Amino acid sequence: MAKFTPASLPAEFLDTMRDIMPSSLSMEDFIAACQRPLRRSIRVNTLKISVDAFLQLAQPYGWQLEPIPWCQEGFWLLNAEEENTRLGNTLEHLSGLFYIQEASSMLPASALFHHNDAPGTILDVAAAPGSKTTQIAARLNNEGAIVANEYSASRVKVLHANISRCGVSNTAITHFDGRVFGAALPEYFDAILLDAPCSGEGVVRKDPAAMSHWSQESITDIAATQRDLILSAFHALKPGGVMIYSTCTLNRQENQQVCRWLQAQFPDACEFESLDDLFAGAERATTEEGFLHVFPQIYDSEGFFVARLRKTGSVPPLPRPGYKVGKFPFSPVAHKDRALLTEAARKQGIRWDEELLQLWQRDSEVWLFPAALTSAFGNIKFSRIGIKLAERFPKGFRWQHEAIVALADPNASNAYALNDRIACEWFQGKDSYPEPLPTADELILTYQNTPVGLAKRISSRIKNSLPRDLVRDGASSARPLAKE
């Protein structure tokens with residue numbers, strides 16, 4: 001494991017923390033926590049495997065897993081520094097069975113579903129790399145719909161890769177400045193998660209360089225952007241809907257003051273909802289407003305802030321955007337073709353709920369779009385919607401990797417379970433020569449009963465068809481090496 005270099009904390013930052021630190025906490029503990037390495041943590045992806053099944057699977061690995069109190073699917077991996085294998089290259093991670101996610105960043109999605117709220121259409125304003133989007137999708141069990149927005153072009157590809165790896169089917173990706181949604185989709189979303197860009201004061205344990213450009217001036221600029229984002233998000237939220245505002249920073253200017261500013265704009269339409277009962281021990285981090293202000297020493301985690309706001313009534317709309325979205329490039333698949341496509345997919349072992357996902361087409365491409373989002377088509381431009389199911393050819397369909405990962409039946413007649421050795425070869429982009437040979441010519445490959453791809457058997461060889469951008473030369477099992 002790389003040597004940990006503690007962060008250098010600016011004196012002005014420490015003075016700010018000293019001024020806002022609750023009397024129940026000490027600066028000495030705060031500084032000590034900031035200068036310790038961050039505990040590794042993972043979240044079980046219940047779209048692929050149950051928590052109980054994952055714990056049983058992980059038993060032989062020697063992992064010491066401690067439950068994270070605010071996320072039933074989350075665990076601290078206490079002996080991560082003893083592991084020689086990088087978690088991200090394990091077969092279990094590449095197969096989407098778990099997501100490497102910092103424990104504190106699991107708080108916003110947990111707060112969104114507090115009191116078992118199950119909103120239908122959700123906006124994730126700043127979604128990359130996808131940890132919270134995939135957590136929300138798992139809580140929804142791929143029902144409803146999520147718009148996952150990312151402003152940074154370089155991070156959109158990573159966002160899609162993580163959504164695909166985790167088998168998420170109910171999500172559309174957009175690439176906008178988050179300030180557009182209030183005008184473009186007024187009062188459209190049942191719930192919104194705004195994990196706002198921030199000064200990053202809480203991440204020094206993971207990124208000691210995070211404080212290298214810290215200044216009060218930059219915080220003032222960032223807070224202005226946050227106010228713009230939360231205002232737009234509030235306009236995009238339905239009356240009665242819930243918004244989670246979160247940051248990975250600690251100062252009040254980017255946290256409490258942003259939330260209070262929004263409430264001051266709409267005193268009759270914005271209420272704060274307390275998170276003091278979100279989990280056992282939450283009161284240790286709860287502010288007088290009911291926000292969670294998580295200093296790193298409280299739970300031995302990253303510093304974090306989470307607020308839950310309720311929109312209690314309509315507000316005057318923003319001016320409609322002046323730009324034109326352009327013609328929507330997809331059209332619904334005709335009824336006759338739908339039946340043909342659905343039957344062909346089922347023969348291949350691919351199934352979906354036709355009430356949740358609908359067939360659309362563009363030229364030779366066939367897609368499955370979340371039904372809950374159809375009213376948004378034509379109002380904003382999407383970078384990607386749902387799942388690319390197939391490409392049409394004169395002699396049939398070429399089924400797409402992401403459709404197999406999300407929708408294939410691991411118990412289909414053409415499914416073939418990979419052992420650790422062949423699964424490593426698959427993710428390394430290599431052909432395999434398995435024994436015994438599979439009988440089918442076109443195979444749904446599975447690992448730990450989860451689909452990982454589609455391949456053809458050619459004589460005694462499984463031809464590797466994993467998309468090149470998913471190949472990992474270092475792919476390896478988390479299982480201790482043993483004879484197969």
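Note that Cβ sites are derived from N, Cα and C of the backbone, with glycine treated the same way.
Following the DSSP three-state reduction, the secondary structure of Cys248 (active site, nucleophile) is coil. Under the heading active site, nucleophile, Swiss-Prot lists Cys248.
Annotation source Swiss-Prot lists S-adenosyl-L-methionine binding site at Ala126, Ala127, Ala128, Pro129, Gly130, Ser131, Lys132, Glu150, Asp177, Asp195, citing sequence analysis. Around Gly130 (S-adenosyl-L-methionine binding site), a 10 Å sphere centred on its CB holds 27 further CB atoms from the protein chains shown.
Counting every protein chain shown, 22 other Cβ atoms lie within 10 Å of the Cβ of Ala128 (S-adenosyl-L-methionine binding site). The recorded positions examined here are Ala126, Cys248; by Cβ neighbour count within 10 Å, the least packed of them is Ala126.
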